[in-house]
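Visitor: The structure follows.
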Ligand SMILES: C[S@@+](CC[C@H](N)C(=O)[O-])C[C@H]1O[C@@H](n2cnc3c(N)ncnc32)[C@H](O)[C@@H]1O
């Protein structure tokens, strides 16, 4: 997601109560902070519709949104400017996720419409590259899940192979997720745009024994 830099973004994030400014301090303590036994993390929230919508739909779960682009993070935080115990945000790069969360601390990771980085030389930036999978594997609980949605078939195929190679078990797969009603799952900003143009792919993986 490319957007022009918003002048107010840095100050807005700095003053946000929902944003966790030093996430490494809470490593191993997120369940306590959010007062929830089950913690979901969305990586790459964009402007936050999914993270906020899911937190409203499932208030019994903990919801942490992560977004690295400052202006985009500020727009998400502007939509969610009142602090609720079970919801937090981290403005930062998910490459550091293993410094923010302890081993087995997270129950579900959501990847919605991640940047595809189509050129091979950029594949390490894909959020489903083994570099990230290694970190996800560490922070996920034993029966932890990763749920991915995308409109990009090449990224989807790449991810299926990458997860398989890493030992994650494919549990569910949809080749046209929005052809049926799925009120249990919030439509993200990108999803709304792309679901009119073609199929939405979705898969759920469970942490394996690696
Ligand atoms: C294509 S947008 C999708 C936004 C949203 N999930 C949706 O479905 O509408 C991908 C987002 O992921 C963010 N992102 C990409 N790599 C990231 C990383 N390593 N850490 C945190 N956010 C990242 C980008 O900044 C961008 O806002």
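The backbone N, Cα and C atoms fix where each Cβ goes, and this holds for glycine too.
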Visitor: Per TrEMBL, which one of 17, 24, 67, 157 shares the S-adenosyl-L-methionine site with 42, 93, 115?
Guide: 67
Visitor: By a 10 A CB contact count over all chains shown, which of the binding-site residues listed here is most packed: 42, 67, 115, 151?
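Guide: For the binding-site residues 42, 67, 115, 151, the Cβ with the most other Cβ atoms within 10 Å is 67.
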Visitor: Taking the binding-site residues one at a time (93, 119), which has its Cβ surrounded by the most other Cβ atoms within 10 Å?
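Guide: Output for this query is 93.
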